[in-house]
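Participant: Structure in structure tokens, see below.
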């Protein structure tokens, strides 16, 4: 074959390769611009097609760098609440920062939602069942799209929620820095009475009666009957208070989470919470969190039954038979929660 013919054939092959490369590049460019104009859609747990969060504003950006220049009254209120926590921690540094370093085990109450970059510290007796339901739906962990379809007992199954202590130390630090962290609090003594009513006056809570009721009666009741010592199902509120202020109680083991202080459960002097919601403004504060997370268009905080809730009037009645000495000692136990979350000393207290 002549050299000239070979050269022509070689040039033809090169041209075909160049054309194929150009065509492939052209196709890739088309796909790229299509993906930019029409981002990948995913099915979210609410059954609504929404664009993936990547590239959108995070809850932290919505909170600290709002699009509107003037802060809303709600944003100002939450700034004041954050400042109150900070000021209390500084003023009571010796008491509030006894532990300088947190361990992963201290973070088991912090529930993580990766999709919306949220961390929620749950506090028992402060609407935590409904907030756990919401976190299950938000994170897509489970088969439910409606929070109120989730049975209460299922909301408390640990496998249904991912908590911060399950991550590595670098992953924990990254999420604490980058995610919006929030918690909900309640007037401390109202929360305490709510815990007592739920755990010690309901006959179905036999596990609490056995675990704590028998111990409280054994320590605090003189001449207790054998039946009371065996069942532990008739603990009086006065006995419960005496158990809480007994120094031996916390030396033996930490408080149960239902009556543990908020600062011990959520460590607000070590972890900077971006939002502090209150039980007294539960629906407004909850829906504000959902707004910042970008889901308020199709998800609202579930309404709750007010008929069974513990009120200030009920709390006042429960404290009528508590001596001034015991009231003072109990206030000291929960003092940081009162100060940190700006709750006044109750009028019914007879402090020494």
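Here the Cβ of each residue, glycine as well, is placed from N, Cα and C on the backbone.
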Participant: Can you check which of 17-37, 38-58 Swiss-Prot lists as transmembrane segment?
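Facilitator: Checked against Swiss-Prot: transmembrane segment maps to 17-37.
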Participant: Hey, of the recorded positions listed (124, 191, 205, 223), which one tops the CB count within 10 A?
Facilitator: 191
Participant: Using Cβ atoms only, which residues of the same chain lie under 8 Å from residue 189 (3'-phosphoadenylyl sulfate binding site) while being at least 6 residues apart in sequence?
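Facilitator: Spatial neighbours, sequence-distant, of residue 189 (3'-phosphoadenylyl sulfate binding site): 315, 319, 330, 334, 346.
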Participant: Non-local Cβ contacts of residue 126 (3'-phosphoadenylyl sulfate binding site) (under 8 Å, 6 or more apart, same chain)?
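Facilitator: Counting only residues 6 or more apart in sequence, the Cβ neighbours of residue 126 (3'-phosphoadenylyl sulfate binding site) under 8 Å are 184, 185, 186, 191, 279.
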Participant: From the glycosylation sites 205, 321, 342, pick the residue whose C-alpha lies nearest to the C-alpha of residue 124 (3'-phosphoadenylyl sulfate binding site).
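Facilitator: Out of the listed candidates, the nearest Cα belongs to 205.
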